[in-house]
Ligand SMILES: N[C@@H](CCC(=O)N[C@@H](CS)C(=O)NCC(=O)O)C(=O)O
């Protein structure tokens, strides 16, 4: 694990000393936008038109943020238009690598690089910052369009609709304010909350993360007892952003990140909801449980120094969910 400093790879774990034991996620730096016709819509959308076979997605199957983008690529019919490379699940001193000795790890199918940091320095040879996935790459300009998953899924949601004819909208304009509120709470206390719990290096930092996390799970359980999806009957990006954390909860976060007051399977509505989303067309194929379980336990030496990968309970995400039957509108 490390980061780039002026384009040079430096091996370094997260610094929690300067933040009283708290894990603080840094902001993504590449924030351009793909728009339908590439006409000038704002400075950062200039030159990124929605074209087939022009963009490439670098992901880790283990990563919940990258997972969102893989799901949107499926849901929006983009698989034949946007190619993908998946990194190896083990993220060690060199950061993410393109080694291929793990089922599903494809290597860098564009350039044959060995390390993900080479993609960042190809885009900007003086880049300083973390080398994170997902990375949305423009094959024509040979640069990074975006390394911010929340924005990549919004581009996928609509920019390519003219090309695919798929107009399903997971970010409907009239719901955006409400979606934002729900996203914010889920991001702070759950998507990122699991990391804040697991990477905390003081009791105080852990406590400050883990209690709000279970408050949020309780709130979600309640909300999903009367709503099929987070925003009612409409499936939105808020659901998919939540899903990638829920699917990792029992196999990883419960034990490895000490989020263990309850398991996902202890919440009847949340658990059935997770299965319903998992069972939607194309979604199960984006879930590589081997990469998920292996990555966290094997890569986080500070959390799990002997790198022992636990056997975990056997969880059947394909079990019938019954959501349509039991939810009262
Ligand atoms: N804000 C980014 C966060 C992505 C992120 O933190 N990805 C993790 C994997 S789950 C990563 O690549 N971490 C490597 C690092 O921080 O060095 C997004 O949502 O796209």
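Note that Cβ sites are derived from N, Cα and C of the backbone, with glycine treated the same way.
Annotated active site, nucleophile per TrEMBL: 63, in sequence order. Taken from TrEMBL, the feature glutathione binding site applies to 96, 130, 131, 132, 133, 148, 149. Sequence annotations record features per position, and here TrEMBL assigns domain 'GST C-terminal' to 172-306. Under the heading active site, proton donor/acceptor, TrEMBL lists 195. Summarising the annotation, TrEMBL assigns site 'Lowers pKa of active site Cys' to 253, 296.
Here the features listed in TrEMBL are placed on the structure.
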residue	record	DSSP (3 states)
63	active site, nucleophile	coil
96	glutathione binding site	coil
131	glutathione binding site	coil
148	glutathione binding site	coil
195	active site, proton donor/acceptor	helix
253	site 'Lowers pKa of active site Cys'	helix
296	site 'Lowers pKa of active site Cys'	helix
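Residue 133 (glutathione binding site) is surrounded by 25 other CB atoms, counting those within 10 A of its CB over all protein chains shown. Across 96, 130, 131, 132, 133, 148, 149, which the record gives as binding glutathione, the greatest C-alpha separation is 17 Å. In this structure, the C-alpha atom of residue 195 (active site, proton donor/acceptor) lies 8 angstrom from that of residue 253 (site 'Lowers pKa of active site Cys'). Listed recorded positions: 63, 195, 253. Those with a CB atom under 6 Å from ligand 1: 63. Each of the binding-site residues 132, 149 was scored by the other Cβ atoms within 10 Å of its Cβ; the lowest score goes to 132.
With a 10 A radius on its CB, residue 96 (glutathione binding site) counts 28 other CB atoms from all the protein chains.
Between the CA atoms of residue 149 (glutathione binding site) and residue 296 (site 'Lowers pKa of active site Cys') there is a gap of 19 Å, rounded to the nearest whole number.
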